[in-house]
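K.L.:
For Cys26, Cys29, Cys32, Cys40, the entry in Swiss-Prot reads Zn(2+) 2 binding site. Under the heading Zn(2+) 1 binding site, Swiss-Prot lists Cys104, citing similarity to another entry as support. According to Swiss-Prot, the feature NAD(+) binding site maps to Gly129, Leu130, Gly131, Ala132, Val133, Gly134, Asp153, Arg158, Thr199, Val222, Gly223, Val224, Phe249.
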Amino acid sequence: IIESVGEGVTDVAPGDHVLPVFTGECKECAHCKSAESNMCDLLRINTDRGVMIGDGKSRFSINGKPIYHFVGTSTFSEYTVMHVGCVAKINPQAPLDKVCVLSCGISTGLGASINVAKPPKGSTVAVFGLGAVGLAAAEGARIAGASRIIGVDLNPSRFEEARKFGCTEFVNPKDHNKPVQEVLAEMTNGGVDRSVECTGNINAMIQAFECVHDGWGVAVLVGVPHKDAEFKTHPMNFLNERTLKGTFFGNYKPRTDLPNVVELYMKKELEVEKFITHSVPFAEINKAFDLMA
């Protein structure tokens, strides 16, 4: 909830309900003016900045020593100071303890399916990695109308939970003596229509691309790989009209689009509650990290 605003801020006011976002939307740069991009020149994620853009200084300190901002949001605190371009004003009726999860990973996976993969109704989608982002990608495929959603994960204990998010079938690569892209091709008469990769493992990224059907298949990469990783595939995979795409924050523009994602929840089209397994008081934040391990 906005407590106060700085000079010149007109888009939000004290009392407004907002979602803080690690990336932003200045609404002035070429990316913000493009209907295709959310990679704001001014406010895109910068993990090294640690200060406010306007004056290059931190707004936090302890015993006179500065504490630097964390990914532009510093939300591991009860009060924070942010650039107005990194807060999305939302419906004040939306429960903040639920829709807060839309500030990062859930929107990333959801948008990867809905905005980037864009599976046609009745299509088949493979989701690689069934962590929170992957489950959100499955949820996005469900909302889009995919009829088969195949979860791919090395941890079979995740499969039952993934059914709640629309997954209809599962593949554990360890159960097969052939590449998983071949397994998926055999299951789907030549390949899936769409795939969404949510692990960041370079081998899974390649598999996610090579498992899509020639002629119309689209693979979307969400996971962040190791900085030295190299994506290698045969050029014929492209010449046979497979498409490879990347995405950042589900292609959502934070200020423009997140209010609409919240409305999906308010209209009961997006089921946020099933992403939440525990609630802990702020004083036990480290316990929350332990629960995610």
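Using the three backbone atoms N, Cα and C, a Cβ is placed for every residue, glycine included.
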K.L.:
Whole number in angstrom, please: the longest C-alpha to C-alpha distance across Gly129, Leu130, Gly131, Ala132, Val133, Gly134, Asp153, Arg158, Thr199, Val222, Gly223, Val224, Phe249 for NAD(+).
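P.N.:
Across Gly129, Leu130, Gly131, Ala132, Val133, Gly134, Asp153, Arg158, Thr199, Val222, Gly223, Val224, Phe249, the widest Cα separation comes out at 23 Å.
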K.L.:
Can you name the binding-site residues among Cys26, Cys29, Cys32, Cys40, Cys104 whose CA is within 10 A of the CA of Phe249 (NAD(+) binding site)?
P.N.:
Cys104
K.L.:
C-alpha of Thr199 (NAD(+) binding site) to C-alpha of the residue listed as 'Zn(2+) 1 binding site': distance in Å?
P.N.:
16
K.L.:
Beyond Cys26, Cys29, Cys32, Cys40, what residues of that chain have CB atoms within 8 A of the centre of the Zn(2+) 2 site's CB atoms?
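P.N.:
Counting only non-site residues, the set is Gly24, Glu25, Lys27, Glu28, Ala30, His31, Lys33, Asp41, Leu42, Leu43, Gly85.
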K.L.:
For the binding-site residues Gly129, Gly131, work out the Cβ neighbour count at 10 Å and name the residue with the minimum.
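P.N.:
Each of the binding-site residues Gly129, Gly131 was scored; lowest Cβ tally within 10 Å is Gly131.
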K.L.:
In Å, rounded, how far does the Cα of Cys40 (Zn(2+) 2 binding site) sit from the Cα of Gly129 (NAD(+) binding site)?
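P.N.:
That separation, Cα to Cα, works out to 28 Å.
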K.L.:
Just give me the nearest neighbour of Cys29 (Zn(2+) 2 binding site) among the binding-site residues Gly129, Gly131, Val133, Gly223, Cα to Cα.
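P.N.:
Out of the listed candidates, the nearest Cα belongs to Gly223.
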K.L.:
Using CB atoms and a 10 A radius, I'd like the single residue among the binding-site residues Cys32, Cys104, Val133 with the highest neighbour count.
P.N.:
Val133
K.L.:
Give the helix, strand or coil assignment DSSP yields for Val133 (NAD(+) binding site).
P.N.:
helix
K.L.:
Give me the long-range Cβ neighbours of Asp153 (NAD(+) binding site): same chain, 6+ apart, Cβ under 8 Å, in sequence order.
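P.N.:
Sequence-distant Cβ neighbours: Phe128, Gly129, Leu130, Gly134, Phe159, Ala162, Phe170, Asn172.
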K.L.:
On a C-alpha basis, identify the one among Cys104, Gly131, Val133, Gly223 that is nearest to Cys32 (Zn(2+) 2 binding site); the candidates are the binding-site residues.
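P.N.:
Nearest listed residue in space: Cys104.
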K.L.:
Please report the Cα separation of Gly131 (NAD(+) binding site) and Cys104 (Zn(2+) 1 binding site) in Å, rounded to an integer.
P.N.:
14
